[in-house]
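Annotation source TrEMBL lists ATP binding site at B:Lys7, B:Phe8, B:Gly9, B:Gly10, B:Thr173, B:Asp174, B:Tyr179, B:Arg184, B:Lys209, B:Val210. The substrate binding site annotation in TrEMBL covers B:Thr47, B:Glu74. Annotation source TrEMBL lists domain 'ACT' at B:268-352.
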Number of protein chains: 2
Amino acid sequence: MSRIVMKFGGTSVADIARIRHVAAHVKREVEAGHQVAVVVSAMAGETNRLVALCREAAPLHDAREYDAVVSSGENVTSGLLAIVLQSMGIEARSWQGWQIPLKTDEAHGGARIADINGAALIERFERGQVAVIAGFQGISPLNRIATLGRGGSDTTAVAIAAAIKADRCDIYTDVDGVYTTDPRIVKSARRLPRISHEEMLEMASLGAKVLHVRSVELAMVYDVPLMVRSSFADPVIAPPGTLITGEDTDMESETVTSIAYSRDEAQITLRDVPDAPGVAHRVFGPLAEANINVDMIVQNISEDGSTTDITFTIPQSEYERAMSVLETARDTIRFAKMVGDTEVVKVSVIGVGMRSHAGVAATAFQALGEKSINIRAITTSEIKISVLIDAAYTELAVRTLHGVYGLDKLTH
Amino acid sequence: MSRIVMKFGGTSVADIARIRHVAAHVKREVEAGHQVAVVVSAMAGETNRLVALCREAAPLHDAREYDAVVSSGENVTSGLLAIVLQSMGIEARSWQGWQIPLKTDEAHGGARIADINGAALIERFERGQVAVIAGFQGISPLNRIATLGRGGSDTTAVAIAAAIKADRCDIYTDVDGVYTTDPRIVKSARRLPRISHEEMLEMASLGAKVLHVRSVELAMVYDVPLMVRSSFADPVIAPPGTLITGEDTDMESETVTSIAYSRDEAQITLRDVPDAPGVAHRVFGPLAEANINVDMIVQNISEDGSTTDITFTIPQSEYERAMSVLETARDTIRFAKMVGDTEVVKVSVIGVGMRSHAGVAATAFQALGEKSINIRAITTSEIKISVLIDAAYTELAVRTLHGVYGLDKLTH
């Protein structure tokens, strides 16, 4: 007997027919003898409807009231799933964040989980009851409802799994697992049976939308095994999904496990900036103050060493704002010219095996060079290499890298 | 400076434009220097939508889960009104039942209020904050959300008014007050500037839909002055509504204050029931067990005294079920024949002055007799007389009684 958390997103609970389908998944696990906590999102479209009402009420609104309004979508779904489970003969009850309680900080609209008391849930498990938990919500130190930000139900599921010491946290979604890369671009992309938390974290951060970044961070910190699997497929016939766990020795044989890409990039270059101490601070200080996240940074020194060109990337949605912030700071930065480009994409090679394998980056640069793909910027970490290239080459670059590391033939 | 409760129903908060209108009413009271608590229902249609989802999930469902689902409508409205008030420069916050806390018993779906701690609300009033309270909901002894039954937001408003010792509880609705009778039937019906709690209780029980019966009971017990007024009319030009208070000497001059009628009636007659001790119990016991409310009862003895005819009324919605319950009990009751009629209506004459005026009932019987209206059954209390008549005579009877007691000419 195991204790498991099952999480279902908005499209999986879009109507009563879909909720019955979810209940069948839950029933299967209960009948297999497991103790089960289910975390649900709001019915598809419901959170958007509630957000729109708040915006119509006032464009700038109190985040505490926004949270009180939008959290109601999950209250509805958790109650409905409990009703359906009961009608199938399964003992179940709904839990809202404040009932558990799932305590958060006061950062309404994007709160972080501070503490979860799993005692009440565990006591009910012992009596054979399924816990149906409203995702995305908790209770602040001042007794107000606080939401965890969009995609927060993934985070709820992982945090609950940690609190009740679950053996596994299953994230049911509309895909059947995590792939070596986007199957829409590379036909031969393969579902990964297993990857590490760190790799998943890089993938989520680098544009793969299958899991919310914070949920993966939390799973890594608390060592919660995650399973990404399809809520639509028949669980008996369908593949079991992708297991995301702490690293183990089996994994070290694979150098690279996946290729990710992100189109949400924009590049800005400042030309002929006086190359003096403090120049980086003068450029990036104003951007940080404006809450604009800078990602890749490249600095070239001019021929005579007196000036430098600074190139960096930011999220595409911040492009106009960043240009305006820098224009305002022009007198302190003293650049000659500012040029920008939104037709860029970041392609990343990810794999924990890179740590112990030299030459992974060189292989990527060579392969891209052979296809005449120009690299505009590079960043690397222990387990990933990211390159910024012209957006027109996205598919070619992803396919090339997918092939050169042998991901088409992945067999583990 | 007074402390007031303002309650707005579903049609008054149907969309953001209507909620802005509600906020203007609140602003007016705040600017007049009052401490204000606002109680809101769900947006029009929302509770019905949520009830339908519960029924689709399972026709027979756990009332605790039903409560968790349907209470969410009020959470949305209270948050939205708080946002709109804030945008108008008024300090406001939303309160859900469990946050106050408004404690109830465990009768989910139709819970009764056990206790309200008004301390947190009062502390906020002192700081100039408006409380926006989600109506219809509270928290059970087991920490579950419990709803107060349909129309329960009226009850929430009165209970809050009692808990915070409000000077007045204003019920904003789609009519501008309580009338001597239904203006759709009697053109000369007049708005009553003031009536007693007891009269309002009779009127609410007898078919006038302006207030929920339990809210009036509660107002009577805690002596909360209620004001029924229009949420649609311009408050500056419009009449102030009807004030419902404890009796005072001014009121005694009016013998009759209003004529009510209820079409939700059905009549059942059991013929030739053996007239032996215990017959009433054999008839009404099974109906009570089936939770069917019996209202008027008439028992006639046959000529030879050996058998009796028993006639009684029940809500029209219970008609089929009552017939079936009695048919099942036929062998123990031993009636010869059962006949029923749903084409009946109950018309009532109401007034606290009846207590000290003889002949009020005789006047009614005479007036109806002169119009050849046959009276099928009669019930009376200290402050009302009800007669059951053929539904076809409804308007004639209401107009006749309205005229005979001089309600057309009401001047106080």
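Each residue, glycine too, has its Cβ placed from N, Cα and C.
Recorded residues B:Lys7 (ATP binding site) and B:Thr47 (substrate binding site) have their alpha carbons 17 Å apart, per Cα-Cα distance.
Using a 10 Å radius centred on the Cβ of B:Thr173 (ATP binding site) and all shown protein chains, the other Cβ atoms total 22. A simple Cβ count within 10 Å picks out one of the binding-site residues B:Lys7, B:Lys209 as the most packed, and that one is B:Lys7. Classification of B:Tyr179 (ATP binding site) by DSSP places it within a strand.
Among the record's ATP binders, B:Lys7, B:Phe8, B:Gly9, B:Gly10, B:Thr173, B:Asp174, B:Tyr179, B:Arg184, B:Lys209, B:Val210, no two C-alpha atoms are more than 25 Å apart, and one pair sits at exactly that spread. On the backbone, the CA of B:Gly9 (ATP binding site) and the CA of B:Thr47 (substrate binding site) stand 12 Å apart. In three-state terms derived from DSSP, B:Thr47 (substrate binding site) belongs to a helical segment.
Non-local contacts of B:Thr47 (substrate binding site) by the CB criterion (under 8 A, 6+ apart in sequence, same chain) comprise B:Gly10, B:Ser41, B:Val70, B:Gly73, B:Arg150. In the three-state DSSP assignment, the secondary structure recorded for B:Lys209 (ATP binding site) is coil. B:Glu74 (substrate binding site) and B:Tyr179 (ATP binding site) have their C-alpha atoms 29 Å apart, to the nearest angstrom.
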